[in-house]
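Novice: Please read through the structure below; I'll follow up with questions.
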Amino acid sequence: MSAAVTLALLFFFSVALKEVKGCSCAPGHPQQLFCMSDIVMQAEVTGEKIIHSGGIIPGMGKIQYKIQVIEVFKGFDRINEIQHVYTHEMSSMCGTKLGRGQYLLSGSITPEGFFVSMCDYLELWNKLSLMQKENLKYRYLMGCTCMISTCIEKPCQPSTKNECILTDWSYLWPFEDGKSVHESACIRHSDGSCSWYEGTGKPSENDTMNVSEV
């Protein structure tokens with residue numbers, strides 16, 4: 001790799017990192033965040049409680065949110081473990097504030113419980129477009145064995161057949177609806193190749209891998 005390309009990549013990633021209230025999150029396509037999460041669900045937040053760590057540094061506790069699960073999109077076998085959702089109290093540790101209402105929640109199972117953060121795919125449910133909701137239900141899981149990568153030097157060509165390429169990450173944060181990058185999903189076809197899908201409804205079973213095979 002040439003020095004010029006190396007510098008270009010370093011500049012790209014330095015610009016790409018989004019800092020929100022002291023928390024730095026690398027941008028990612030919503031499907032990437034979906035696939036990296038242990039659980040993704042639609043849930044209603046009905047209450048909160050601050051749990052202090054007992055340490056000498058204020059704000060180092062966590063917030064416990066009481067939720068009512070409405071629909072699960074990933075982590076079906078682990079959802080019974082979830083009684084509450086947690087986040088760090090401090091925004092500098094990527095903690096996030098959730099009000100009462102319905103949310104798309106994604107995050108990780110830890111020894112302390114199910115944690116969400118600013119860097120996860122979190123959004124008020126009524127702010128998601130119809131296409132984004134369909135992606136969550138029908139398409140994202142079909143592409144979790146695909147690879148989503150970015151290209152900063154055109155022309156851009158996939159290096160493998162299971163790769164979907166993004167040519168513009170500038171709209172990946174925040175996850176505003178109406179942006180084409182948020183409306184598309186990278187799905188795996190029956191021949192093992194992957195490509196962007198922007199149709200409506202569930203992709204044809206004849207053209208995609210069965211979810212049990214992914």
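Each residue, glycine too, has its Cβ placed from N, Cα and C.
Pulled these from TrEMBL:
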type: BINDING; residues: C23; note: Zn(2+) binding site
type: DISULFID; residues: C23-C94; note: disulfide bond
type: DISULFID; residues: C25-C119; note: disulfide bond
type: DISULFID; residues: C35-C144; note: disulfide bond
type: DISULFID; residues: C146-C194; note: disulfide bond
type: DISULFID; residues: C151-C156; note: disulfide bond
type: DISULFID; residues: C164-C186; note: disulfide bond
type: DOMAIN; residues: 23-144; note: domain 'NTR'
type: SIGNAL; residues: 1-22; note: signal peptide
Novice: Just to confirm: which same-chain residues, 6+ apart in sequence, have a Cβ under 8 Å from the Cβ of C119 (disulfide bond)?
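Specialist: Non-local contacts for C119 (disulfide bond): C23, C25, A26, C94.
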Novice: To the nearest Å, how far is the Cα of C144 (disulfide bond) from the Cα of C156 (disulfide bond)?
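Specialist: Answer for this pair: 22 Å between alpha carbons.
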Novice: Would you identify which of the recorded positions C23, C25, C164 has the most other C-beta atoms lying within 10 angstroms of its C-beta?
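Specialist: The largest 10 Å Cβ neighbour count belongs to C164.
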Novice: What does the structure give for the C-alpha distance between C151 (disulfide bond) and C164 (disulfide bond)? Integer Å is fine.
Specialist: 10
Novice: Near C164 (disulfide bond), meaning Cα within 10 Å, which of C35, C146, C194 (disulfide-bonded residues)?
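Specialist: Hits: C146, C194.
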Novice: Where among the disulfide-bonded residues C35, C94, C156, C186, C194 do you find the Cβ with the fewest other Cβ atoms within 10 Å?
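Specialist: Comparing Cβ neighbour counts within 10 Å for the disulfide-bonded residues C35, C94, C156, C186, C194 gives C156.
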Novice: List the same-chain residues at least 6 positions away in sequence whose Cβ sits under 8 Å from the Cβ of C146 (disulfide bond), in sequence order, or say none.
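Specialist: N162, E163, C164, C186, I187, R188, C194 - these are the non-local Cβ neighbours of C146 (disulfide bond), listed in sequence order.
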Novice: What's the CA-CA gap between C156 (disulfide bond) and C35 (disulfide bond) in angstrom, rounded?
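Specialist: Here the two Cα atoms are 24 Å apart.
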